[in-house]
Amino acid sequence: MATLTSGTAVQQAKKQLRKHVQQRLKQLPPATVLAESQAVLDRLFASPYYTAAQSISCYVSTPSGEVQTDSLILRALDEGKRIYIPYCPINDKTKMLMLRLRDKSHFEGLKENRWGIRELDPSEVDGLEDAAHPPSPGLDLIVVPGLAFDPYRRRLGHGRGYYDRYITQCLDYPQRFSKKAPPTVALALKAQLVQDGEEIPTNEWDRLPDVLITPDGLYK
């Protein structure tokens, strides 16, 4: 397939691919999503990216169409790890914060939004630790969502650029926290991998995860 150079052409190609992948994901049986999610998480739990991390940011999954993360969040909290989840301020559509969960009951008590995703209440966020600033020690791992991926770790998100911006902001960790920027690990179901005739177009600001984990293996 020809390489796309125009920014407009790239955006149109991304939009088209999102439609294809979303249709494919809608057809996945819930049992398949759960089984593949467990296979992916088993690989993550066995990896040094997880075992060495004490502070982890993790996306909160939708009920279908992506690797389910509830069990990851709950297990990490059980193990005494700091877990931060995304919060996007209502008054700033470009900003994403990673705020720390207090404990398991805090996470389990979060209300679901219209997409079935548990989310933090705006009234409580000012009292939660922000991963970007002390007293947070900074993140040791960022678990990244996505809509589609390829074996080269190229990632297609949902089009708002939250994670691309957040990961870029973490590049100053040596100055901010006196440690390396946290590794990024993306999780994917089999149906989220590109198929014949599909290609993930990228812009210069798109950030590749360091590792992609699927039910069948790891891509670095």
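In case you wondered, yes, glycine gets a Cβ from its N, Cα and C as well.
As written in TrEMBL, here are the features:
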- Lys14, Lys15, Gln16, Leu17, Arg18, Arg155, Leu156, Gly157, His158, Gly159, Arg160, Gly161, Tyr162, Tyr163: ATP binding site (BINDING)
- Val60, Glu66: substrate binding site (BINDING)
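Structure with TrEMBL features highlighted.
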| residue | record | DSSP class |
| --- | --- | --- |
| Lys14 | ATP binding site | helix |
| Val60 | substrate binding site | coil |
| Glu66 | substrate binding site | coil |
| Leu156 | ATP binding site | strand |
| Tyr162 | ATP binding site | helix |
May I ask for the distance between Arg160 (ATP binding site) and Val60 (substrate binding site), taken between their Cα atoms and rounded to an integer number of Å?
16
Out of Gln16, Val60, which of the binding-site residues is least crowded by other Cβ atoms within 10 Å?
Gln16
CB contacts for Lys14 (ATP binding site) [other CB atoms within 10 A, all chains]:
21
Around the Cβ of His158 (ATP binding site), the count of other Cβ atoms that are within 10 Å:
13
